[in-house]
Amino acid sequence: MTAPSQVLKIRRPDDWHVHLRDGDMLKTVVPYTSEIYGRAIVMPNLASPITTVDAAIAYRQRILDAVPAGHDFTPLMTCYLTDSLDADELERGFHEGVFTAAKLYPANATTNSSHGVTSVDAIMPVLERMEKLGMPLLVHGEVTHADVDIFDREARFIDTVMEPLRQRLTALKVVFEHITTKDAAQYVRDGSYNLAATITPQHLMFNRNDMLVGGIRPHLYCLPILKRNIHQQALRDLVASGFTRAFLGTDSAPHSRHRKETRCGCAGCFNAPSALGSYAAVFEEMNALAHFEAFCSLNGPQFYGLPVNTGWVELVRDEQQIPENIALADDSLVPFLAGETVRWSVKK
């Protein structure tokens, strides 16, 4: 029997879905991403969403100002789609290299999404322009109708929004972000070359029992919400198969402790400190480490038409405890897997 490897060396990965927030929170969380990843697709759902080229340029500079010396990191900016967004502004940002992609949030689907899209028809001229440009559309794939159960929102979105949209704009490049169901896994697997998906570490590692049985664990609460075990297993099977249109997107989403541990807590897991090691543990459990580098470092650039990073990252089999909390200016931040021991850690 071959002894398990003690070191995993992969091309420097990218994070194709991250929330860096703003202000003091941004300054705290950016180094956890910039230390490990060469690039990251930065979500635009700030309190004042990023809807213009100038706003994206200013936000990008605030991010770069928070990157520590010695970190080689490029934030890839996204435009927040609204019913009133100007297609010319979006095209200008894409041509000028400011916007890498645009993000569709259904109105009120998640944090800071009240400005989101009320219907696909409302933004059809913008989507048609994106199709012509070859600009990727990033989709939070949940319906928000009051009569749809929260555990059914993703599956319903496929039938009522995603599939009709892709039938209408067959050349539109779409990333179905943070997929959580067997329905989405099968839909992406059966889809064409221009449909891809990101998957978070928490949706590969946990299901809704982990969040709800024996007490509520607010730091596992995110949107889309954790689903049944059968859905978790479908995601694991998808990445273990070496499917090339699925790639790393942590959806790392920090909230201060008092906003998570309260009677109406916020959705989001701050997983940036432990995500890469968490993914490695999942791939190892599935005897799929042969596909780990592609998921982290190759599939995303291939879909986006970007070069692979030139640097390398090493993960070592060296147990490391995740801190219980991370200090903020006037609160603290509880990271994903706080207080737990992880098997794989990034070599500093």
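Just so it is clear, glycine is given a Cβ too, placed from its N, Cα and C backbone atoms.
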Same-site Zn(2+) 2 binder from LYS103, LYS227, given that Swiss-Prot records HIS140, HIS178: LYS103
Which of LEU81, LEU220, LEU223, LEU306 shares the substrate site with HIS19, LEU20, ARG21, ASN45, HIS140, HIS255, ALA267 per Swiss-Prot? LEU223
Residue in ASP237, ASP251, ASP318, ASP330 which Swiss-Prot records at the Zn(2+) 1 site where HIS17, HIS19, LYS103 also bind: ASP251
ARG21, ASN45, HIS140, HIS178, ALA267 screened against ASP251 (Zn(2+) 1 binding site), Cα within 10 Å - retained binding-site residues: HIS178
Return only the integer: C-alpha distance in Å from HIS255 (substrate binding site) to LYS103 (Zn(2+) 1 binding site). 21
Lowest local Cβ density among LEU20, LEU223, ALA267, which the record lists as binding-site residues, within 10 Å: ALA267
Over all pairs within HIS19, LEU20, ARG21, ASN45, HIS140, LEU223, HIS255, ALA267, the annotated substrate binders, what is the largest Cα to Cα distance, rounded to whole Å? 19
How many Å lie between the Cα of ASN45 (substrate binding site) and the Cα of LYS103 (Zn(2+) 1 binding site)? 9
List, in sequence order, the same-chain residues at least six positions removed whose CB sits under 8 Å from that of ARG21 (substrate binding site)? VAL29, LEU46, PRO254
